[in-house]
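The structure appears below as structure tokens.
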């Protein structure tokens, strides 16, 4: 009984006190966490957050530096202008074409390279290094070498493959060359990401598949690819986002002539060359939205494709 | 189902290292054979060569009378269970078990039926739609077995299939593996480093060391008649005790006292060309508390008095640990066994002995006890080459 009396006495005081002590500790921890994050958040807000908001604001105005006194708020009028413009849609299709073709080819080539790098026993270092060389070269420098190679009379590719034709001056051939340059440049990156994925496939699994009667191709398609699917999707996401923003290769190879502009190129031409801040900002916001959609689709895809609880069978 | 013959099979790696040397084993149809030995003895390499996962450098491998050296694993019609289970993480239990059948282009109804049957045998029916990551270790192990049996292959190869299970489950699974093999009657080659599994599971046991076969035989025969020091020390738990001894006319002088040579021992030694210095081997169960032994029986053995270091009561009997003064028995085989058991670094001078004595013994740890052992049960080994001098082949 004395026990009950005791608790009765203590009841009003004890629980709130314990609760307060607990939440106070937690609150202090949370405050410390926020404080530690604060510098990074501030810097991000200054260099990323503010420009995004500012361009969003600019995209809602008529703002052309050639006619600064005609600046005014026009709402979504810029979006209507851009989205009903054939140049924009041409650039969009060019970008999508380059993205889809280059990423698809890179996936196949990158997988082949990754398998070679993964399997090589002799001279592993040399094989890996030589595979990665294109990725190590500055894009602009590489693009120039592609341009020279495809220039008639002086370029060896133009003389041998194209038979002296100026391929970079025609729309479709130029896009093909740009895509090729893009593939050459970034396949090693794809291969690196895929090689990391290959390391996720335990040797025993492939041996087991061999014992179960799978041919080399079946082992690849039925065991290796499904197991490394998360790594493949990450590689695809990275490369797709990257390819969608294509600029430097195009800038050097065609400068966007003959309707070969990508959306980034078109935005640059409007914003920097044309000094039209309103239209340029609208385009950059649209690119931002497109990239966000790509990322969203991929991440949603991960959600459904990630093997139900990772790590089954592998330790 | 088929017999498997290894005809002086050798595996040499490009760098010159020989993993398996001249292995000759004839495995009868339906036999359950165990390859056992410490790590690096070549047992897994031998299994992988049977599987086709490693090339055979020289010698011939025949399955069901046909040479299969050059055949790919998928064309040998054998199934394998891996230590890691190697379940396909992206497939359900059902898909995992159906995988070999699907690859063999078996029609859907047959696949369904075979998977159902296998699942029933292995008690996996209610887990068929789960992914491996949602299964316990024991369930995963059973799925791996299921994937092997659905195809009704010529032979099963098992590479330490129970090593990743905890001790209790391992014992349970051991009996179910044994039952399954008897039920299916499929030729099985089972690799393990655990001598208990080797003793309990196999029809015959192959003991390997350094890439060479040491002895092949039924578990009990290997236990009673080890061909050499290595087999003697490897088979049996607790292991055989080894005491250095000197052979003189009719007596064996050792740290345990003078052991008279019985007729049996003398007979076996006759043609053996024994050196003077030998190693005497005694199984723990051949010791007994001297007070519990009849006078008449006592005369047939040797009694010595020593302090009991540790006394472990197992309920049914007791293990008494002693350390004797004097030199430890040394040989390459014993050093390797000690290294494998991890006891090479354990300090301790002199000879340590383990005796299994009756539970009714009144021996007390820390106090001297009179211990008797049967002189007729001693085995003598040549320290130079490890050969069993009292081997009855």
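Every residue, even glycine, has its Cβ placed from backbone N, Cα and C.
Remember, TrEMBL labels are computer predictions, not curated facts.
Between the listed ranges A:183-202, A:203-222, A:243-262, TrEMBL ties the annotation transmembrane segment to A:183-202. Which of A:71-89, A:223-241 counts as transmembrane segment depends on TrEMBL, and there it is A:223-241. Sequence-distant contacts of the transmembrane segment (A:275-299), counting only residues of its own chain at least 6 positions beyond either end whose CB sits under 8 Å from a CB of the stretch, comprise 52, 55-56, 58-59, 61-66, 74, 78-79, 81-83, 88, 233, 236-237, 240-241, 244-245, 263-264, 266-267.
Just going by CB pairs under 8 A, the stretch in A:32-57, A:129-149, A:183-202, A:223-241 that sits most against the transmembrane segment (A:91-117) is A:183-202. Beyond the ends of the transmembrane segment (A:223-241), by six or more residues, the same chain brings 99, 102-103, 106-107, 110, 186, 189-190, 193-194, 196-198, 200-201, 205-206, 209, 214, 291, 294-295, 298-299, 301-302, 305-307, 310 to within a C-beta distance below 8 angstroms of the stretch.
Through the fold, the transmembrane segment (A:129-149) approaches residues 113, 116-117, 155-158, 168, 177, 180-181, 184-189, 191-192, 248-249, 251-253 of its own chain, all at least 6 residues removed from its boundaries and within a Cβ separation under 8 Å.
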